[in-house]
Structures are given as structure tokens and as C-alpha cells.
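Following: one structure in C-alpha cells, then a few remarks.
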Amino acid sequence: GGQILRNAIALSSLLGRPVQICRIRAGRDKPGLKAQHNAGIQLLQQIVKADCCGCQRDSQTVTFRPPPAGAGSVSAIAGGNYSEDIGTAGSVCLLVQAALPVLAFADSPSLLSLRGGTNVDFAPPAEHFTGTLAPLLESTLGLRFRLSLARRGFYPRGGGQLALEVTPAPRGAPLAPIRLLDPGQLVRVTGVAHACGAIPARVAQQMASAARQLLLTALGSNTDPTAFFVDIVVDKSSQSVGNGCGISLTAHSSTGCLLGANAIGRRGVPAHDVAAEAVNQLLADVKRGVCVDVHTQDQLVIFMALAEGESAIRVGPLTLHTRTAVHVAEMLTGVNFSVSEDTTKPGKTDGGGEGNCVLSCRGLGLKRD
């Protein structure tokens, strides 16, 4: 699948280890590389000056050969300005997933200019990165980066514009470990509801209003209503490519945990139901007492493997994406992950049970010489 591809190429780029990925998306109706997968490989090929074979649409085997790296240090990664246009509604956020760990170890700051889908199915929306992942990585790892959404792009045209600015870790300094074990208490919920193109502005207003009311109802009448703020964004047709709407929410806890939830509007689905989808996702993680939401847990695995020291996160049952990310990280880095039962929410810990668990590892402590 695409996640194996992204994580394997990113770790290959960092460690200077050649990789060959076979049977890419072999179980899909249309197997092989799609435009967004190809764009991700080409982007990292630019950044690390790798040799690549099989990097074309529909290819089911890719061989990626980056320059070698020294023991305990990263391959030569040049900061600078890079751009990539997927050419379809393929997710630019998935390109960010592949490039961010690599640019965190570049020799200078970087600016990525990306074009494609910003709010599409089967990928985190741009608002999840800006509202949840970016502040989470900054507060835990000390990683500094900024995402700027210039234009939203929707299926089927894409055409959205996203800029990623990354300030790399200082020379000789590894990333700090991720320690998210105390969920604390819910303090507030923030978010963004958007309606773009031909979608009426009232749709964003209805999603925001419904989300606030649903949160107040679920969390009790004594809850401070000012703790739930959902910004409303209405983009004219000149400010977006295509028509679309959706809502992204972030729950903030007293211990600094951030839980994200998102929903994309669909034809014939009322605005209230779109808001309810995101609220229900969010409340499920809040009530479960986790420190990392179901959509973020897999995105932290690669950073846990690269950081110095013991990383540990309290999560719900491991998703297939998370177990896949762990498998790839262990294979390429030699880091061993462990999954232990969270005794406050007991259950199976193999990713298939109902209980919470703690995912942990002692990272490489990778650094730039």
C-alpha cells in the first residue's frame, strides 16, 4: 500500500539504505503506483539526489538508492526550495507525511510548494496537520515546521496549493522522544468548518453550529460553551479549485494532548450529519482516555523510531496503518517497538481488542553531523 511506500522511501532517504518495494498496491483493482505515490517518490528523489528505477505510473516495483550515510548519522540532505505537482486530486498531505521526517534532518531550512488535493477522501485534510499534528510534533519532538494553505483543492480536479516550511534540527542534535501518557482533562475544542466554491456559506455555519451544540449536549450542560470554538471559512470559487465542504476538530487537554477528528461533506449528506461524524470521532477518543487519536497514531511511528531515548504513547487499539508503520520502521531501522496493556483501560493489545495500549520504543537518536 501507499503507506509502506512513503515510510520505506523516507527511511531509506534518511539512513542511506537502498530499498526495493515490490507488489505495490497489488491487491487493488488498479494495481501499481498512482499519481500521488509517484509524486512522493520523485519529491524525495529530488531532495536526497537518489537513483530510482520503476518510478512511473502503474509500476508495481520500485528500487530507490539514496547516497550512503555514515553510522548513526543521516544521509546528505540538502535544504532549499522544492516543488511537486501531483496533477490530480491525490493528497498533498500524504506528500508532507513522506517529506517532513526527511527535511527535519536537512542541512538548512526548506520550503516545499505542493499542488494537488488538500481535502479528499482516504487522507488527512490540511486542517488536521495545522490544527493537530504540527503543534503536537513541535511540543513533543521540538520539530519546527509551518503549513500554509493557499488554496483548497477537491476531487476530482485537485489543484490545491500547500506550502511546507521546515526548520531542521540543529547539527548534532537528535529529536526529543515523544512521551504522551497522561490524557489529562478536556480543556477546549477548536476547529475549522469550510465551504468552498459553489457550496453555500450557510453550510459551513451549520456545521460549526451543530458541532458546538453536539459537544455541549454530550459533555454536559455545565460545560462552558466558550470552550468550543469552530472557525468558519468560506472560500469563493477563485480561492479554491472545485466545490467542497468539511469540518476538522481538535480537542486540547490539560496535559497538552491534542486529539483530532475530521469529516468531509458529501452530496446529499446534511451539514448536521457531517458535523456529527467529526464530533463522534472526537468524543470516542476523548472518552477512551487516549493521548493520541486514531488518525494520528500511525503518523508518529516514524518519528518515534528516529528520536533519541524512550518514546511512548497511550493509544486505543492499534490501527492497521499503525501496525504497518511499525513493521516498516523495525525492518529498516532495527528499532524494536513494544505494545503493552494500558491497565486503566484493559483489553487485548494486538491491535484487535477494545482496550487501550501503550506503544513504545527506544529510538535511533539519529542526528546530522
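Glycine is no exception: its Cβ is also placed from the backbone N, Cα and C atoms.
In TrEMBL, annotation is done automatically, which means it is predicted and not curated.
Under the heading domain 'RNA 3'-terminal phosphate cyclase', TrEMBL lists 1-339.
Sequence-distant neighbours of Gln297 (ATP binding site) (same chain, six or more apart, CB under 8 Å from its CB) are Ile313, Val315, Gly316, Leu318, Thr319, His321, Thr322, Leu359, listed in sequence order. Taken from TrEMBL, the feature ATP binding site covers Gln97, His295, Thr296, Gln297, Asp298, Gln299.
Taken from TrEMBL, the feature domain 'RNA 3'-terminal phosphate cyclase insert' covers 181-286.
The active site, tele-AMP-histidine intermediate annotation in TrEMBL covers His321.
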Sequence-ordered list of residues in the chain of Gln299 (ATP binding site) that lie 6 or more positions away and have a Cβ within less than 8 Å of its Cβ, or none, is Gln97, Pro124, Leu133, Ala325
Which residues in the same chain, at least 6 apart in sequence, have a Cβ under 8 Å from the Cβ of Thr296 (ATP binding site)? His128, Thr132, Leu133, Leu136, Leu259, Gly260
By a simple count, how many Cβ atoms lie within 10 Å of the Cβ of Asp298 (ATP binding site), its own Cβ left out? 22
